[in-house]
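Q: Feature annotation from TrEMBL assigns domain 'Major facilitator superfamily (MFS) profile' to 10-504. Positions annotated as transmembrane segment by TrEMBL: 45-64, 76-102, 108-126, 138-158, 164-185, 197-215, 227-244, 265-286, 328-352, 364-388, 400-419, 482-500 (among others).
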Amino acid sequence: MLTPKQQKAVLISTILASSMAFIDSTALNVALPALQEDLNMSGSSLLWVVNGYALFLSALLLIGGSLGDQYGRKRVFLTGITVFTISSALCGLSTSPLMLIISRCIQGIGGALMVPGSLAIISALFGKEKRGWAIGTWSMFSAMTTVFGPVIGGWLAGQGLWRMVFFINIPLAIISAFFLIRDVPETERLTQKKLDLAGALLAILALGGITYGFIEAPNSGFSHPTILIALMGGGILFLAFLAHEHQAKQPMMPLPLFQSKVFTGANLITLFVYGALGGFLFFFPLNLIQVQGYPAELAGLTLLPFGLLIAFLSRWSGALADKIGTRIPLIIGPMFTASGFFIFSLPGITAGPSSFWNTFLPPMLLLGIGMGITVAPLTTAVMNAVPYERTGTASGVNNTVARTAGVLAIAIMGALGLFRFEESLTWRIAHLELNSTALMQLKKEVVRLAEAQPPEAATKEQQKVVEKAIKFAFIDTFKQSALIASILSGISVFIAYFTIPGRKKQKIK
């Protein structure tokens, strides 16, 4: 039985540690333009900054939870905090794209040890009479950090302090670790559970190969042997992962769960909806800051309505799902998100922040309403599709699917975006008849997307045309990403229609 002092310590340590992960994942996107300019990064490098972290986090998330069960949740949680904090410091100190990418990969490993531990510690240490209150408190603060993460990131980037997005983790980690070490007891170890290290390795290699193939394809072409090997190898390793999980006695992702049509459908909806969101949110801040002329501070604020709507609507939609079932919310929610993404694809170059109210705010509201309606019922559908004793595993699998969706979407939509940008820019400057030196210079700049600079070898008049063409080419890229996101969300509507039963047919196992 925890004392009141220990209860406070558990909540402080888990909330602060989770806040590091939530702030990092939401604030970084708004800071991407600033770090791209500071470190002179290409579009591919930007994709790796986001995906390096997400790749290791998604591939190791289930292993992180199993490590906590076997070696003690407090010990593994503290290890995760330590790794995450050291890598955060390295991210903030990075002087090159490669150093930042490697540091982000290490940060993903720390996140995989830390993220599953927060709720696991709360669930293990709080009794049934207090557990709901504790989880609710944790969820409230998690929602707040998710909502205000982009605002924090935008403000820091606007002040030229993008490195503080990473350094801010250090004091949070020190306070979290202090309360964890001083007041939080260790949880019971479940030593009978073996680690599926082979599955984790196959997952990293498969996801890494596919991610590498798509991100680097714009630089080398899909026909390049390295790209072909990466994509084919990733696909083969994914099949090997499935075969291994099917045969393993204690797999990290139990495949029999997917025998449930509802569980499979809910995870497919997760894959498409979160994939659409992850891919879109990579391009959106770049569009606002580098093309539309928004200050980074305002770019962060534009995402505030989205986060607030999710926070306010999730509780209502969860209660609604309890009354009418999950089918209707999971059809209507993605309809709103698909509509929002589609409307995002309509504006060209706008008048800047003054036109936000009639250009980007309406689709942002639709997107927030759609996700607010979708998130809680989607979790409910996953939980209701499996027996009670498998809900922890089901939750972990669904969380992994959501993270993996972001990795794949950013890699694929990023690659398609780089191809689209080069194609559009080439078409828009075809009439200029640039000399060979100018063309060579521009070829090198294309990989930087909207941050590309006109070639020095071109005339002043040509440079002005190229500068304008770069902005319009990125608008074409952004529109493509919004349309792809809209299609993915639309597919989710049909998945929900065919796999999620109505209230009368939906049984809680």
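Just so it is clear, glycine is given a Cβ too, placed from its N, Cα and C backbone atoms.
Worth saying up front: this structure is predicted, and the values here are computed from it rather than measured.
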Q: Give the nonlocal contacts of the transmembrane segment (364-388) in its own chain as ranges (CB under 8 Å, at least six residues past its ends).
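A: Non-local partners: 257, 260, 262-263, 265-267, 269-270, 273, 277, 302-303, 305-318, 320-322, 326, 329-330, 332-341, 343-344, 394-395, 398, 489, 500, 506-509.
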Q: Please indicate, using numbers and ranges, the residues of the same chain that are 6 or more beyond the transmembrane segment (45-64) and have a C-beta under 8 Å from a C-beta there.
A: 24-25, 28-29, 32, 35-36, 39, 76, 80, 97, 100-102, 104-109, 111-117, 195-197, 200, 203-204, 207-208, 211, 215, 252-253, 282, 396-397, 399-400, 403-404, 406-407, 410-411, 414, 449
Q: Under 8 angstroms for C-beta pairs, at least 3 of them, ignoring pairs fewer than 6 apart in sequence. Is the transmembrane segment (328-352) in contact with the transmembrane segment (400-419) by that rule?
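A: These two segments do not touch.
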Q: Sequence-remote contacts (6 or more beyond its ends) of the transmembrane segment (265-286), Cβ cut-off under 8 Å?
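A: Sequence-remote neighbours of the transmembrane segment (265-286) are 29-30, 32-33, 46-47, 50, 258, 299, 326, 330, 334, 337, 341, 344, 371, 374, 378, 381-382, 385, 397-398, 401-402, 404-410, 412-414, 417, 449-450, 474, 477-478, 481-482, 484-486, 488-489, 491-492, 495-496, 498-500.
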Q: Six or more residues out from either end of the transmembrane segment (76-102), which same-chain residues have a Cβ under 8 Å from its Cβ atoms?
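A: Long-range Cβ neighbours of the transmembrane segment (76-102): 14, 17, 20-21, 24, 35, 39-42, 45, 48-49, 52, 64, 67-68, 109-115, 117-118, 121, 163-167, 169-170, 173-174, 176-177, 180-181.
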Q: Average the per-residue pLDDT over the domain 'Major facilitator superfamily (MFS) profile' (10-504) and send me the rounded value.
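A: Averaged over the domain 'Major facilitator superfamily (MFS) profile' (10-504), per-residue pLDDT gives 90.
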